[in-house]
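Q: Before I ask anything, let me first share the structure, which is written out below as structure tokens.
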Amino acid sequence: MKDRIVRATAANGGIRLVAVLTTESSLEAKKRHGLSYITTCILGRAFSASLLLASSMKIMHGRVTLRVRSDGPLKGLLVDAGRDGKVRGYVGNPDLELDLVKINNNKYSFDFTKALGTGYLNVIRDSGIGEPFTSTVELVNGNIAEDLASYLYHSEQTPSAVFIGEKIQNKNVICSGGLLAQVLPKKDTDPLLVSLLEERCKEINSFSEDLFHSQDNLLSLIRNIFPDIDDKSISEKARSQEVGFKCKCSKQRSLNAMKMLDKCELEDILKKDGRAELVCEFCKNKYLINYEEIRLMIES
């Protein structure tokens, strides 16, 4: 099943519901960055969170940047996601390994709190019009879902519920994704809607299991919470959209970055190596800038 985002509304348009699957994106990041099991899960969660946030932007070129700065051994992370469904990102310590912790009923989980430590979640929304909007909140516990819910509560004052998780079998991530349920701004003072959202979300006992069983049909995942969604509130074209790991780096962007160096630095590169190799932090693609290209920069 390809990664996908699905949108719906409930309560006569008063509640917005978005579900996203990020399994393939997480595995692509694992391959490109050489991620461990825990860092694959953490980056997958950040992919889900950023795509859920970007899904509400009104223009297709709008983007959301999600950055975690913290004192944990993960050494932070950075994710860039667009309303167009493209997402990319990296973590500070891709090789991180931590022991599993027991949660309940002999079930074990990764210690996301220990991995991220204490710190801040920074969210930048860029609509491409005017200055980007930036907001920062303290990390709640590092599991990404509650950290995102805290951001929505403090920065957007929007009653929201966020569920993000993954399913792991035989040390492989077999599904990753998330779900966002929000009372829309014009309805957020309606106590009945807020209560309805709270009651429905209390019925979710294991989001990761629900995601695993509904990954081929995200609309059924949404219906697990709100069986009575507004079927005709969103057009079929707008309801479902493919998402995936996609980087916007290129050879030209690498050349432009090199041009920012002064001529002395460029001369030094030619003397020492005769060429330059630039590596994209987001996707690990490598771009070779040869002698002639660097010489042209110096002479121009």
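Using N, Cα and C of the backbone, Cβ positions are placed for all residues, glycine too.
Swiss-Prot feature annotations, pasted as is:
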| type | residues | note |
| --- | --- | --- |
| DISULFID | Cys247-Cys249 | disulfide bond |
| DISULFID | Cys280-Cys283 | disulfide bond |
Q: Cys280 (disulfide bond) has how many other Cβ neighbours within 10 Å of its own Cβ?
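A: Excluding its own Cβ, the number within 10 Å is 18.
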Q: Which secondary structure state does DSSP assign to Cys283 (disulfide bond), in the simple three-class scheme?
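A: Where Cys283 (disulfide bond) sits, the three-state DSSP reduction gives coil.
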Q: Using Cα coordinates, what distance in whole Å links Cys249 (disulfide bond) and Cys280 (disulfide bond)?
A: 7
Q: Where Cys247 (disulfide bond) and Cys283 (disulfide bond) are concerned, what is their Cα separation in Å, rounded?
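A: On Cα coordinates alone, these residues lie 6 Å apart.
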Q: Enter the number of other CB atoms within 10 angstroms of the CB of Cys283 (disulfide bond).
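A: So the Cβ neighbour count for Cys283 (disulfide bond) comes to 19.
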Q: Could you tally the C-beta atoms, other than its own, that fall within 10 angstroms of the C-beta of Cys249 (disulfide bond)?
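A: The Cβ of Cys249 (disulfide bond) has 18 Cβ neighbours within 10 Å.
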Q: Does DSSP give Cys247 (disulfide bond) helix, strand or coil?
A: coil
